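Below is one structure, written out as structure tokens, with a few remarks after it.
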Number of protein chains: 2
Amino acid sequence: MSGVRELTVDLGDRSYPIYIGEGLLDEAGKLLANHGISKKSPLLIITDANVAERHLAHLETVLREGGFGVTSAVIPAGEGSKSLSQLEKLVGVALENGLDRKSAIVALGGGVVGDLAGFVAASYMRGINFVQIPTTILAHDSSVGGKVAVNHPLAKNIIGAFHQPELVLYDLSTLQTLPERDVKAGLSEVVKHGLIWDAEFVSWCDDNAEKLLALDPEALGYALYKGCSVKAAVVSRDERENDLRAILNLGHTIGHALEAVAGYGELLHGEAIAIGMVGSARLAVKLGAPEEVYGVTKRVLSRVGLPVRLPAHLDTDEIMRAMMHDKKFQEGAITFIVPVAIGKVEINKSVSTALIRDIVEQLKQEAV
Amino acid sequence: MSGVRELTVDLGDRSYPIYIGEGLLDEAGKLLANHGISKKSPLLIITDANVAERHLAHLETVLREGGFGVTSAVIPAGEGSKSLSQLEKLVGVALENGLDRKSAIVALGGGVVGDLAGFVAASYMRGINFVQIPTTILAHDSSVGGKVAVNHPLAKNIIGAFHQPELVLYDLSTLQTLPERDVKAGLSEVVKHGLIWDAEFVSWCDDNAEKLLALDPEALGYALYKGCSVKAAVVSRDERENDLRAILNLGHTIGHALEAVAGYGELLHGEAIAIGMVGSARLAVKLGAPEEVYGVTKRVLSRVGLPVRLPAHLDTDEIMRAMMHDKKFQEGAITFIVPVAIGKVEINKSVSTALIRDIVEQLKQEAV
Ligand SMILES: NC(=O)c1ccc[n+]([C@@H]2O[C@H](COP(=O)([O-])OP(=O)(O)OC[C@H]3O[C@@H](n4cnc5c(N)ncnc54)[C@H](O)[C@@H]3O)[C@@H](O)[C@H]2O)c1
Ligand SMILES: NC(=O)c1ccc[n+]([C@@H]2O[C@H](COP(=O)([O-])OP(=O)(O)OC[C@H]3O[C@@H](n4cnc5c(N)ncnc54)[C@H](O)[C@@H]3O)[C@@H](O)[C@H]2O)c1
Ligand SMILES: [Zn+2]
Ligand SMILES: [Zn+2]
């Protein structure tokens, strides 16, 4: 295990480590055992069809050789699987395979698998152990912070819990099979973590965009380490999203609305929030931030291959309505995360909807 | 509010009060406001059809007069409503009515409403405020301790969370409309709390069975106060069911299996665990406890009108199989709560299934 990076998400007695490195899957048995995952109780791997094809047999073999009792459940790939009906199916599989209170759920996959499997782990018998093995770049984000959830027909991520994993095991090798579009979408949250917290890292992304797109292991390892570190720093200061954690929603108020209106699927999460971050940068400049906030945000996102223009066929009224269902509307007031400089944002609790409507319109005209 | 009893469930920063008294519904507005329930965010009352008919208009009026924004959702009465599909419907109602992170869910009803509404509160936006207004005797049990859940077709209460309410408001007047069978079933858990913790209270129940069955307010208020106090004492020592809390499962290993095999509905929860407690008492005597453990257990349960014999048509093999799915089977070993004296139980982690099979057979022959 040369070149393995390690960091700790600091949450008191719910703290956990993240390991990032090439070939880490081979060490899964040892790492799970070291972090208290029981070999006496059956363990359930949850993954999706795309990931199963490429990496499931490998993980099953390693864990069985390590002495674990392994069963697997393969869900259809895609956001549609983050549903209560999948939850019900997976709980059925867990019951049929005798999972008990000492068992663990292992999520092998991207954010969809992580969020769904995490909610299974959070709610099965009111909470059992959970391990994240992320296989997408985006999942560097979803695997830190313990937010797990499924969707409701009327709103995304609305049914969920906070449930921290025992450990996260990030094998960079698994990322080599990731489709190009998902590579780019995943880099969106990486850039976001720079934009909210670390100007130097934003400029590193600017300089290393090509290496990242080529999945250069050293660059990728560093970027995921930095991304996870920023997220960990934020959530360890505010586990339950009382205040600070809201800054992680940069680009998400618009982004979530776009995903909902486009229909889950047309826009990937990372693409939607890239457009949302350009919107936030535009808003920032309107509210007095330096012009470069807009310029740099847009340039870096473009360099890593992300869309910065809002698809013109999406209806502005519908987008505005979708935002009204968003969790960030508390007691009628609309809260928006607004950059004040590159690497620094503030939580603005009184952005007028009229202003946001203007931004949405302008995003449809964005030069690319 | 004369004669109101109050107790605190002691859980650190999740501590909460229970108020027990006649006519407390009239004070709901004041009590909710005093315990931090927001008037700015909409509040959702969840209740079932039977309770709605009798008590919903009253509660809505009181809360509206108190300045709360109230909407209500009425679910069908009965265990069948503790399902993921009801959860999905209620989350839809919550979204349509604009419930946000500062909103509260108010459960007005028995254990079914409390468990389901509690899981809605636990999972909606990953957790919002929750208030319990129990209207059954059994709910003195379900409203203390924060266990909330829905059922899966293969197992009861298997999908859930720990989610503590902000307060519990127990209006004895609402109990006057409770059907007799539910009165008796509710007293089962009252007696259980005596059997595991308080011999004196068991003998008080023995002496006051008739007053309890007649819903005498003073006797009922005292019994519910004692029942809640025992439960609160246990859960405050072990919120997450690591060890001690298991003693609350007296009668439940057999009881849950009976409910599952009889089909939810034929046996009420309280009835099933009454039979289960007689079984545990039989087991206790076999394992060396004094004979009176069996005699007193059976007598008190009979006096409050509960069944003590297992319906002969229920298949022993099926009952045994149903127990195998039970959460109390950890890593293959079977755990049973066994009385050692009246008012005192122990957790026995190695009861053989052969012995339990004998007990199940004997329970079918129990003299009534
Ligand atoms: N919990 C959180 O804090 C959090 C944060 C951000 C996003 N999310 C959630 O994450 C989800 C998006 O995550 P995602 O982008 O990883 O989506 P995803 O899990 O759907 O993965 C994207 C696609 O890549 C495929 N795939 C995954 N790994 C692969 C691999 N190694 N090789 C080949 N194909 C692979 C998947 O099958 C899928 O088709 C959304 O549901 C979003 O809500 C959650
Ligand atoms: N969470 C816990 O810790 C816990 C503990 C024990 C039991 N439970 C759960 O509680 C449930 C059983 O609770 P329950 O017995 O209260 O069942 P319930 O909620 O179904 O109520 C019993 C019946 O009485 C009716 N009813 C309720 N209040 C009434 C009133 N005041 N007047 C007239 N009718 C009324 C209901 O409509 C229902 O038909 C089970 O699902 C069980 O799993 C949970
Ligand atoms: Zn995101
Ligand atoms: Zn019970």
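Residue numbering: from 1, along the chain as shown.
Note: Cβ is positioned from N, Cα and C throughout, glycine not excepted.
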TrEMBL annotation, NAD(+) site containing B:GLY111, B:VAL112, B:VAL113, B:GLY114, B:ASP115, B:THR135, B:THR136, B:LYS156, B:THR174, B:LEU175, B:GLN176, B:THR177 - matching residue among B:LYS89, B:LYS147, B:LYS192: B:LYS147
Recorded NAD(+) binding residues, B:GLY111, B:VAL112, B:VAL113, B:GLY114, B:ASP115, B:THR135, B:THR136, B:LYS147, B:LYS156, B:THR174, B:LEU175, B:GLN176, B:THR177 - maximal Cα separation rounded to whole Å: 29
B:GLU189 (Zn(2+) binding site) versus B:VAL113 (NAD(+) binding site) - Cα distance in angstrom: 17
Cα distance (Å, whole number) from B:LEU175 (NAD(+) binding site) to B:HIS252 (Zn(2+) binding site): 24
Cα separation, B:LEU175 (NAD(+) binding site) to B:HIS269 (Zn(2+) binding site) (Å, whole number): 18
Listed binding-site residues adjacent to ligand 2, that is, members of B:GLY111, B:ASP115, B:THR177, B:HIS252 whose C-beta is under 6 A away: B:GLY111, B:ASP115, B:THR177
Position of peak Cβ density within 10 Å, selected from the binding-site residues B:LYS156, B:HIS252, B:HIS269: B:HIS269
